[in-house]
Amino acid sequence: DEEIPRNPAFTRIHPRYRYSLMDYLLKYLLFLCNLLFTVLGLVVLGLGMWGLISKESFEQEKISSIGTDPMLILVTLGLLLTMLCLSGCVGALRENCCLLKLFSAAVLVLITVQVLFAILAYSMQDQIGGYLRSGMLAAMAGYQDDLDLRFITDEIQSNLQCCGADNYRDWEINIYYNCSAPGVLACGVPATCCVDPLENGTVWNSQCGVGAQLLDEFTAQSVIFLGGCLGGISRWIEQHEGLIGTVAVVAIGVQIMTLFITTRLLESIQWHKVNI
């Protein structure tokens, strides 16, 4: 009989040992799932790179400032997701035990980290609230100087119909909206704090929040949102906790299923390798 060469790191199932239907299903299901997530990772990576490049072009910032850019998070996540899923994709298609073991170990670590994060988040709710408040105030302080912080703050305020971290007077922290600052923005708030930022329902009025900090709450409530965004975030989480829990369980379930499929496929490849 012809001797078949073996490679401990790379062993494809020889044609004379037929695949079972389950082997085919496991192999190509794992391949397709990882292919989809590889594409998703490339999209996230592309968005992050586009954000970095467009921001550099728009603001003409120095390259050294990229290290603190929030878009770097998208680039990092996209790169890690692409590398992880590409290893699973190639490993499943080529029946490469080394890549499949690397992929399964990474998925196991990812599941463990997510479970630990969920436990810590549940047990440290008060501390997380403090971190959110500090982060919100920092974003408000850099509102005029950073496009990303401005975008995030505007999205939170407009979608949650809130203003500031605890209330609208928190905008005193911004040097442009501080009441001691020169200029028209002094003692004001951004337009996304306004109840009706559109004049006649069509034209965006960027000056609708001018002088809002000088108003008492009774007068201000007809012009701007009085409630802070930290309370708005808490209410949003409470209203959507069922959906959030479902998404979290499904996400963990998919990862556990992926780990199970990878383990079964590895066992199948190892079994055929021993019997060749």
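Yeah, the Cβs are placed from backbone N, Cα and C, and that goes for glycine too.
Per TrEMBL, disulfide bond is recorded for Cys163-Cys179. Under the heading transmembrane segment, TrEMBL lists 28-50, 71-93, 99-123, 243-266.
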Range from 28-50, 99-123, 243-266 with most C-beta pairs under 8 A to the transmembrane segment (71-93): 28-50
Cβ-Cβ distance under 8 Å to Cys179 (disulfide bond), same chain, at least six residues away: Glu172, Ala186, Cys187, Gln213, Leu214
Count of other CB atoms lying within 10 Å of the CB belonging to Cys163 (disulfide bond): 28
